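Colleague: This is the structure I want to talk about, given as structure tokens.
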């Protein structure tokens, strides 16, 4: 499980790591428009909307391990290509492709936990899998830009990805039940010569084209026909958009309004990391206890639990997000002591991660075998928000300032 979590950490780190370097990259590659500079951050997240729609269903068809390892190699190649880019066009293309391939673990990871663990154990596991990268990336990125070159952001993340891949080759094991059964069947056919052996997932009328078509269309069918998937997608879209809007304003706030150096300003991202950590660990422990309590009350005599038992943990996050936003915005506006905006960021990030965990746990419990497709369907709107919110963020900031 830890190895899957490290795969999931790879691309979000390089996504957020570039935030403190946007201005430096813009000057070196002659990308002077603020919109185009922000596009460097956002184009990566736009690819997150498309990647899970492909990699999630394919992992249900081909297996989790092969998807994780192939996409990790592709991600490393395109991520390194960004570090070597010499033009705006090269930068945009390789950044998008790196995000497309790097998004695979975000859809496959939750499904792997569904393969391995029962419902009572998933809350703690999903907390390990949670999103610390928006805090880790900018802290490291700020010091790298200040001490060396922005290109080392991508060289260093590629080296980290290579290390994770090297370990993963030896420790990752397949978890997808249909794929494992097919391997067992093929071994028995080879050993016994009995070609009539079948698994419970076999369909004699299924062709390769039909299997691929069914797998790749599944996220769209889930999103188009399941109201709960649509509702959770809209809520996650809001949370993710707010988080990326905060990532964009963080660098401007601390270097512009508070006059901090680039490297020093990156330390403020520790508040986001603290919020993610506290929110994830608190939610994990409480979520499993709440699930067990609801199961004892509403599913007596050892009956199965229900996905709805995950919903109560969305409530604390729904309170913390607006509270954190208000504290962050008001204290930053009056340039209060740096502790107060950071405290707002702690509350906000804790609420965001609680929302993420609750949504992912609900989807995993609801769609178990097809959890990767369900997560991929939800990630479409989420990633579109992460792409769009930072683009209109500067204009929103200017308009609100001019209206005062």
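Any Cβ shown, glycine's included, is placed from N, Cα and C.
According to TrEMBL, the protein carries these features:
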type: DOMAIN; residues: 1-404; note: domain 'Major facilitator superfamily (MFS) profile'
type: TRANSMEM; residues: 6-26; note: transmembrane segment
type: TRANSMEM; residues: 38-58; note: transmembrane segment
type: TRANSMEM; residues: 64-84; note: transmembrane segment
type: TRANSMEM; residues: 96-114; note: transmembrane segment
type: TRANSMEM; residues: 126-145; note: transmembrane segment
type: TRANSMEM; residues: 152-172; note: transmembrane segment
type: TRANSMEM; residues: 227-254; note: transmembrane segment
type: TRANSMEM; residues: 266-287; note: transmembrane segment
type: TRANSMEM; residues: 313-331; note: transmembrane segment
type: TRANSMEM; residues: 343-364; note: transmembrane segment
type: TRANSMEM; residues: 370-396; note: transmembrane segment
Colleague: Test of understanding: applying the rule of at least three C-beta pairs under 8 Å (pairs 6 or more apart in sequence), is the transmembrane segment (38-58) touching the transmembrane segment (370-396)?
Modeller: yes
Colleague: Cβ under 8 Å, sequence separation of at least 6 from the ends of the transmembrane segment (152-172): give me the contacting residues as numbers and ranges.
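Modeller: For the transmembrane segment (152-172), the nonlocal Cβ contacts are 3-4, 6-7, 9-10, 13-14, 17-18, 21, 65, 68-69, 72-73, 75-76, 79-80, 82-83, 140-141, 144-145.
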Colleague: Averaged across the domain 'Major facilitator superfamily (MFS) profile' (1-404), what pLDDT does the model get? Just tell me the whole number, please.
Modeller: 81
